[in-house]
Amino acid sequence: MPLLDSFKVDHTRMNAPAVRVAKTMTTPKGDTITVFDLRFVRPNIEILSPRGIHTMEHLFAGFMRDHLNSDTVEIIDISPMGCRTGFYMSLIGSPSAEEVAKAWEASMRDALEKVPDETKIPELNEFQCGSYKEHSLADAHEIVRNVLKQPIGINRNKDLALDEKLLNP
C-alpha cells in the first residue's frame, strides 16, 4: 500500500492552531486542487470531542466558504480528520496559507457571534445530518475560543518532514 502524504510529516512537531498545505495537484484540464491541513490542536496531546468536532463541521463548512470562496477559489469539501485534531479542506485554486488562516479566524468569530444557540446550527435535523443528535454547541464554542486564544500559524512541510528511519517499511 502506498504511503500517504499525511503520514510523511512528523506529527510531534506540528503546531496548532496552524494551516499546512498538505497537497497540491493539477487536474487533466489544468485546474489546481489544493488540500489544506487545518490543525486545531496538537496531535497526540489534545483531541476534539466527537460532539464538538461534529458541530464544528456544520459551522466551519459554511463560514469558511463565506470568507474564502472567490473568483479564483472554490472550496470542494471540509472534513474532520479521523484523529480528531483538525480538518482537511480541499479546494479548487491555490490561496496562500496566510489567506486561509485569515479566513479561518474570521469563520471562528462567525461561529461565536452568529450561532448563539443550538437552534442556529445549520442542517441540524434528521433529514440533512446522519447523526443529528450527536452535537454540542458548547463544545464547538470551546474549540473556537481555544483557536482564537493565539494567532493561527503556518506549518510547513519542509519543517515537518519525517526522518525516513521512522517510516514504516
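Cβ from N, Cα, C; glycine included.
According to Swiss-Prot:
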| type | residues | note |
| --- | --- | --- |
| BINDING | His54, His58, Cys129 | Fe cation binding site |
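Sequence-distant contacts of His58 (Fe cation binding site), defined by Cβ-Cβ distance under 8 angstroms and a gap of at least six in the same chain, are Ile121, Pro122, Glu123, Leu124, Cys129, His135. Listed in sequence order, the residues Thr55, Glu57, Ile121, Glu123, Leu124, Ser131, Tyr132, Glu134, His135 complete the 8 Å Cβ shell around the Fe cation site centroid, once His54, His58, Cys129 themselves are left out.
Taking every protein chain shown into account, His54, Cys129 are the binding-site residues, and of these the Cβ with the most other Cβ atoms within 10 Å belongs to His54.
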